[in-house]
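> Positions annotated as transmembrane segment by TrEMBL: 20-41, 62-84, 90-115, 233-254. Sequence annotations record features per position, and here TrEMBL assigns disulfide bond to CYS153-CYS186, CYS154-CYS170.
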Amino acid sequence: MHYYRYSNPEVSCWYKYLLFSYNIVFWLAGVAFLAAGLWAWSEKGVLSDLTKVTGLHGLDPVVLVLLVGIVMFTLGFAGCVGALRENICLLKFFCGAIVFIFLLELAVAVMAFLFQDWVRDRVKEFFENNIKSYRDDIDLQNIIDSLQRLNHCCGAQGPEDWDFNIYFNCNSESKSREKCGVPFSCCIPDPAQKVVNTQCGYDIRKKSKNQWDDQIFVKGCIHALEAWLPRNIYIVAGVFIAISLLQIFGIFLARSLISDIEAVKASNAF
């Protein structure tokens, strides 16, 4: 007597198309980040002269945008194609990359908590390097200005940190009009003033420090951020938990689909 198998096991459509939908969002976001980064570089002339990338000693925000775009595009592409084509190699790459990113985030959070003094020193060094390059890159300039305005702060530890920048340095031989001043984002805004006064910080550090309080923010941005974190700890924790849950969900979908594919292949081998 012969027995025939009329129904072949199939990969779960739920896992397959949920993982595809999950990844298509990241893939499209990666495309958007890459497009925005390349457009910003083209506006700054970097695409026609790549040496400008190494000419900036601080952080070029566009590089960060491009790195995020590349990672999201690569993972989204691997997840989408891996799910549709039921490709175990691509799915394992996607799953392994998500696990690595999750563990990296966890390690950074733990290190930041355990070695707060070391982290504070690195943040201070990072701020100072970017202050030096404030006038070298318009994107970096906008980020520093936004940070100072939103947090009502000036410099890393205080307004004196603007001596690190050649244009604002009080002791330099520069003929800059901004010498011994601070950027306009350090100025205390006047509610009655509708137009931003970009010259409000000129020569302010030539005056005595007692006069600074009425015109500029005297608190450093590192202290401002340290004060901001305890006040918003639930928001930060909520964002971290939401990102972690999304990553765990992606790992679960990928591992479930891999198990289904392997089970189908093992069944069809008999």
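Including glycine, each Cβ sits where the backbone N, Cα and C put it.
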> Hey, which of the disulfide-bonded residues CYS153, CYS154, CYS170, CYS186 is the loneliest by Cβ count within 10 Å?
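Counting other Cβ atoms within 10 Å of each of the disulfide-bonded residues CYS153, CYS154, CYS170, CYS186, the minimum falls on CYS170.
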> Residue list, the transmembrane segment (233-254) vs rest of chain: Cβ under 8 Å, 6 or more residues beyond ends.
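Contacts of the transmembrane segment (233-254) (Cβ under 8 Å, skipping residues fewer than 6 from its ends): 15, 18-19, 22-23, 79, 82, 91-92, 94-95, 98-99, 101-102, 105, 109.
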> Could you state the whole-number distance in Å separating the C-alpha atoms of CYS170 (disulfide bond) and CYS153 (disulfide bond)?
20
> How many Å separate the Cα atoms of CYS186 (disulfide bond) and CYS154 (disulfide bond)?
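CYS154 (disulfide bond) has its Cα 5 Å from the Cα of CYS186 (disulfide bond).
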